[in-house]
């Protein structure tokens, strides 16, 4: 077992390198779709830490997490662990992006990592450089400017009503300005690139002929209430829903294909609403571990809450489709 491991960014990756001291009792949390990434097994071999599946076993307490492994493409999960100052490894080459991008820094986050990018580091290399702060602290207490007497009439401080109103308005304007700046930043860095990606993906599928192939397969399912219920059960199946949910990409692609078929008259228009519920039956299933972590839920809550939500979506998916079908029958007839 190594004393310190060094993790460098992979090809086209960002951040790092991370130097992690191996401390007994820590755990490796991985929240990834599909099978366990190979780097998790490599980290277990180097550190001797226990690997914990965040989807199935829930997240351990923050003080027990030695490193977090994710597969985020630029959404909220990228910054979830860096915000809590937990070393984060992203197997995707995702940089500083997402709603929590301000917390993603090179000293706590590294992306595009492969097995070859993780190695044992010498203690001398891993030791962080000591910064001489004594002189800085001493110099910080010495002001170079002049001290002015604020007891004079012209310069004395006022805490009257007008001053309080001015300070309150200034604070409100600052908050609104910051919120607007963060909103624009999120739109430019997260929402617009994602919209462009989905649009390009749909265009490729439609132009390549793959869309027609998928549409022919979906038409029998989307052409009747029973077929839509079957589609909802497939999308919300607990073993599939966490992998179908990220970014709602699959739901958007299928929605476009179904919409084209409705426009062509292949699928009756009154089935549009139940079809919408059917293809979104898996909504939020991929976000449950992240949401519970943001809420600082206990480990027992995460362990019980994740499967409960997955099974709950599976149970409620079909009834919502039937309710939508009943409602749409009154709308279009």
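Keep in mind that glycine also has a Cβ here, set from the backbone N, Cα and C atoms.
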Of the residue ranges 170-190, 191-211, the one that Swiss-Prot records as transmembrane segment: 191-211
Neighbouring C-beta atoms (10 Å sphere around the C-beta of residue 72 (active site, phosphocysteine intermediate)): 23
Averaged pLDDT score, the domain 'PTS EIIB type-5' (1-192): 76
Mapped DSSP class for residue 72 (active site, phosphocysteine intermediate), helix or strand or coil: coil
